[in-house]
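Report on the structure given below.
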Amino acid sequence: NNATKHHSAGPVSARNVRRLLSFQRYLHSSRFIRGIPASNPLGYLLDDDYTGQAKLMLEKVGNWNFDMFLFDRLTNGNSLVNLTFHLFNSYGLIELFQLDMVKLRRFLVMIQEDYRSQNPYHNAVHAADVTQAMYCYLQEPKLAETMTSCDLLLGLLAAATHDLDHPGVNQPFLIKTNHYLAALYKNSSVLENHHWKSAVGLLRESALLSHLPTEDRSERLGSLILATDISRQNNYLSEFRAHLDKRDLCLTNGGHRHFILQIALKCADICNPCRPWKLSKLWSEKVTEEFFHQGDIERKHHLEVTPLCDRQSNSVANIQIGFMTYVVEPLFVEWSRFSDTRLSQTMMGHLSLNKQGWKEGRDKQEASTSRASEEQRTSAAKDSNSKELPQGSKRS
């Protein structure tokens, strides 16, 4: 009977097996297996099971130059689980909300497993990076003084799940290929709706919050994740600007706090250009690789190639300069007005330097390309002259 049950589950059962193995990997790598007394069976979860360097890195988790690529390597590809668990623990959310630590670990493993590791950019490392940025913003004075424990819980959950099960292609691609998700969500915030519903599904499956009153938790989580839809950027930006112009933001008001959480998550989601050059450049290359991969698929299937995704007419530098100028800068200028701190100054400084870095790289590339084509023209002219000379001498 069990066999038929597993057989009928099909791919879902394969996914569950993968999760189970993944969860067991944590248990086996933990100190519990290496000899914590049985009298304290949960001690291994409280004692961070990362070794040496990874643990040292977590002590500086609030640093803006935190290297998520390095942390992911040090945790053997488990950056999202380890970082999010650490933040829940350091904020005291586990005790406060009486979260079962085994359920929490299992939930975080399920999240990490449902990000597609084959995506160059939209994967669990990006989710971990956004969660770390969100933590940096939550630590800013205006937020640290006003955000409630519920706000912190939802803010971190939204950051960790904001791109859950991202297919590595954008909404227009899903619409023009008649993908079932586009039909399901009526061509509106298709990916963000999918990330939200996937997150709610995992919360339900893990029963992590089942002992807490539901209230409007799912809707609030959804409205945070939906705010990351880049096509709605101008709506949020205009509203943010209007609040700042009127100076009417009052963070004792729950609605205003939620709005600032939305803006913070939007900033965290697109903050790569505000990181130090070494990290920023790596993220830029990864996101462009994902864009170009979509363009390749479109070309192969004779679909119209999305301009941003066309490797034949675009470069990493051009894409990044455009993204920084029209999307990132306008948002971070307003965030700096709202939160005029050392972190904001640091981010704006990196943004300016990184934009300059891409421009210089592009100029060098264009100069060398034009030199090469000039040399080609000169050598072609020489060739044709040397061919013409004998003909001339024959005519004379």
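FYI, residue positions are counted from 1 along the chain as it appears here.
Positions of Cβ are set from backbone N, Cα and C atoms, glycine also.
Database features (TrEMBL):
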- His122: active site, proton donor (ACT_SITE)
- His122, Asn123, Ala124, Val125, His126, Asp163, Asp269, Gln320: AMP binding site (BINDING)
- His126, His162, Asp163, Asp269: Zn(2+) 1 binding site (BINDING)
- Asp163: Zn(2+) 2 binding site (BINDING)
- 357-377: compositional bias 'Basic and acidic residues' (COMPBIAS)
- 46-365: domain 'PDEase' (DOMAIN)
- 354-396: region 'Disordered' (REGION)
Would you kindly list the residues that approach the compositional bias 'Basic and acidic residues' (357-377) from elsewhere in its chain, counting only those six or more residues past its ends and only Cβ-Cβ distances under 8 Å? 277, 281, 284, 315-318, 320-321, 324
With His122 (active site, proton donor) as reference and a Cα-Cα limit of 10 Å, the qualifying binding-site residues from Asp163, Asp269, Gln320 are Asp163
Between the Cα atoms of Gln320 (AMP binding site) and His162 (Zn(2+) 1 binding site), find the distance and write it as a whole number of Å. 22
Using a 10 Å cut-off, grab the number of neighbouring Cβ atoms around the Cβ of the residue listed as 'active site, proton donor', all chains included. 23
Using a 10 Å cut-off on Cβ-Cβ distances across all protein chains shown, tell me which of the binding-site residues (Asn123, Gln320) has the largest neighbour count. Gln320
Within 10 Å of the Cβ of His126 (AMP binding site), how many other Cβ atoms can be counted across all chains shown? 23
Could you count the residues of the compositional bias 'Basic and acidic residues' (357-377) that DSSP puts in helix, in strand and in coil? 21 helix, 0 strand, 0 coil
What is the separation, in Å, between the Cα atoms of Ala124 (AMP binding site) and His162 (Zn(2+) 1 binding site)? 10
Expressed in Å to no decimal places, the gap between the Cα atoms of Asp269 (AMP binding site) and His162 (Zn(2+) 1 binding site) is 9
Give me the Cα-Cα distance between Asn123 (AMP binding site) and His162 (Zn(2+) 1 binding site), rounded to a whole Å. 11
Sorted by sequence, non-His126, His162, Asp163, Asp269 residues with Cβ within 8 Å of centre, Zn(2+) 1: His122, Ala127, Val130, Ala159, His166, His195, Thr228
By a simple count, how many Cβ atoms lie within 10 Å of the Cβ of Ala124 (AMP binding site), its own Cβ left out? 24
